[in-house]
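*Asks:* Here you go, one structure.
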């Protein structure tokens, strides 16, 4: 067997060859060999031990609770009557270390033991082992779990109320209204946000099942959620609203009666009158009853409540549809009455439909609430209900009942269930006889609560057949369930029975019932209920010599297969490295982006880079084996390098002459990228990465194109097109007019630029960027300094990746990831380090501004340290002089704060093309007015709120931006 690029070896030399060629895999092979050797040695040792007689393991271990602190363990198959054997019983408290002592029982005929002195209502793990005195190992059963009393999953207390009112300034302890065994773990949330013991607020603390307020404040009011869970059943969420009231205040606004916890014990402390009292701004006292929508039939009573408190007593004003004096237009105004914080409209008609807003205010503030009252003429028909379906659920699962009304009335729902389980199926047929007495009361007041409903039903009898189901516990991830849906969590056997849905309106009431049948799970779940406990299979060592031999052989075969697979994988990897594809395989919407070197100050990192950057030691250049690419490899003897045209800390760009790189036997002037002698591994990998990406990108007239490379038998060279006029920034600055004292002694030879020339430059850059965007490449450093101008005045986007000046600080800000071109970067790139094609559009706007100012410096008076605050406040660069409003409109669109609102490069190409088509070659610039923005730019920009600004179009706009655009064509 031979491996790629390794000397041919015999089988005995396989491991040496694999170690020399693939050192990173040697450790894994060594581990596999150790496992194989251990398996074989174990088989041999077991052959000797197998001759000894082992005890039989106890079978059918069960646990029976006899009281809260004691459990009886029973098993079968003792030690065959031998007197020299013994039994060991192990007992562990679940998840809490040792819970009971280990018991050693002499004699082999024992099949039962009572474990005492346990903690009540706690779960334990038990295991029984049998031993011979002359044998080194015993035989054991698996672990089982049991407790003295059956565990209870989290369940909501029956007497729970969802509204809690507490006094200001006192200490209060509010427990989670959940019963469970073992004691549940509780987590608290306020207004949907987690409250943790590590919060800086020392006024709030937590016990195992309660939240404690040292001194209750108004800011502590809100919606609290208690999440309780233990090892059994599903977690339960309980919501309640905490209202803080000032019992020392003489002013106490009239409101609805508040409910509270009647069964919870509260701990209070003295009120410290020396501390400053909090402001008593108005607040609503019963938000749960303030439902925003009130759909009612005509000829009914409308009751709108806005119960509130405050000091001083707040005033309340009612308005309808924004009109304060709405009562003068009411038919028979005596029907409308205000009682404190309640608005009552008797015998409502359709004209009473509207939005009623209560405005509650005092000197500290104003609050308001709006009711949407809809009065409709409807048929006088009580609710017509669809039959409910019976439900079968397994223990511990969730289920629900749905109550549907088919007519067009909006009824009031109430859910109930029967107490007890005796003959409950027959009670569904007898409910009509009992429920008819409620008809008259329901017609008078259809919005009865469920408790009020049963008070009338049983007329204060102590023994009740029905009980209410409060919907406060019916919470889901999406919010509260609808009133016509009853959802039951963590179903238990005691939940089995009939359930009733009662729906009523002003014309009567109807009901439907269904039966919940609770069954055992079809698949045995982990032990979490009362014993008999579930037996866990015994995890004993194999006692058969045949089994050990089989396991050893199987292990050896597995190791052999793994070694063979690794060898095949190594061979395939080497073949792929020897014959790489001409272009990288890019599938899916993968984005390529430009990388910025750590020490970069100029735009010197590779133009295009993959997402993961190579890192290695920064001492010397590693000897990389670069695969030969015949399509791009250029002979070194046909390349002559000349003077340096760009230089940085670790690399440089030189001018060169290549024979036959463009046409056969024709010498072409090229630019050659190379490394300096002090370059490190990172710079080497950057250069190779840029080379690979340029191969994949392809050619375009407005991109510095790759011509070839030299990667074999010497340092790597990247050969690209040469630009005669250098970068665009210096080219523009060279076209600026001379200073006054120079005009008399110098003769200007620079060609005069027109508006059309400048638009052509921007157009070509936009086409190049549109090409990159189509290839899913992100430049990240688009600026005039990174655009080259050829001898034919073509614009070519580039980046001489290894030419850098580490002392230059104007363009970049030092971060942990390197220096960044701060003044060219979009806000999302600065603040969130998010680089996309739309962030390149922002940079294009800065580049267009540079073009219109003939190489001006953006934000000349804004320090780099203030750029973050400058952009965050919405300020932008001002319009360059002699720039038309349509051009500045493009700038403003590129500088939109939201990336999604910026134009695409395809749209920019079309817009600039339209401007060029209507421009005149005679549109000369006033060269006296171009250059860097004046010093006052920053101060004037402070007064310009640019956020959301859209520059007005001049009357001479020559084009209209279409709503949709097709992709722009490219030259390959």
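Cβ coordinates come from backbone N, Cα and C, glycine included.
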*Asks:* Of 109, 882, which one does Swiss-Prot label N-linked glycosylation site?
*Replies:* 109
*Asks:* From 527-547, 548-568, 569-589, which range did Swiss-Prot mark with transmembrane segment?
*Replies:* 548-568
*Asks:* Taking 666, 673 as the options, which does Swiss-Prot list with 645, 646, 647, 648, 649, 650, 651, 652, 653 at the ATP site?
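*Replies:* As annotated by Swiss-Prot, 645, 646, 647, 648, 649, 650, 651, 652, 653 share the ATP site with 673, chosen from 666, 673.
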*Asks:* Reported as an integer number of Å, what is the Cα distance between residue 398 (N-linked glycosylation site) and residue 203 (N-linked glycosylation site)?
*Replies:* 37
*Asks:* Please report the DSSP secondary structure of residue 398 (N-linked glycosylation site), reduced to three states.
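*Replies:* For residue 398 (N-linked glycosylation site) - judged by DSSP and reduced to three states - the answer is coil.
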*Asks:* Around the C-beta of residue 403 (disulfide bond), how many further C-beta atoms are within 10 angstroms, looking at every protein chain?
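*Replies:* So the Cβ neighbour count for residue 403 (disulfide bond) comes to 27.
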*Asks:* Which one of the glycosylation sites (191, 390) has its C-beta surrounded by the most other C-beta atoms within 10 angstroms?
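*Replies:* That would be 390, with the highest Cβ count within 10 Å.
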*Asks:* According to DSSP, how is the domain 'Ig-like C2-type 1' (150-242) divided among helix, strand and coil residues?
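*Replies:* Per-class counts: 3 helix, 49 strand, 41 coil.
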*Asks:* If one measures from the C-alpha of residue 358 (disulfide bond) to the C-alpha of residue 239 (N-linked glycosylation site), what distance in angstrom results, rounded to a whole number?
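*Replies:* Computed Cα spacing between residue 358 (disulfide bond) and residue 239 (N-linked glycosylation site) is 27 Å.
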*Asks:* Could you tell me the C-alpha distance between residue 390 (N-linked glycosylation site) and residue 403 (disulfide bond) in angstrom, no decimals?
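*Replies:* The separation of the Cα atoms works out to 12 Å.
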*Asks:* Per-residue pLDDT averaged over the domain 'Protein kinase' (639-925) comes to what?
*Replies:* 83
*Asks:* Going by Cα-Cα distance, pick out whichever of the recorded positions 176, 239, 315, 501 is nearest to residue 191 (N-linked glycosylation site).
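*Replies:* Out of the listed candidates, the nearest Cα belongs to 239.
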*Asks:* Just give me the nearest neighbour of residue 403 (disulfide bond) among the recorded positions 176, 203, 226, 239, 306, Cα to Cα.
*Replies:* 239
*Asks:* Would you count the other C-beta atoms found within 10 angstroms of the C-beta of residue 226 (disulfide bond) for me?
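*Replies:* Its Cβ shell of radius 10 Å holds 23 other Cβ atoms.
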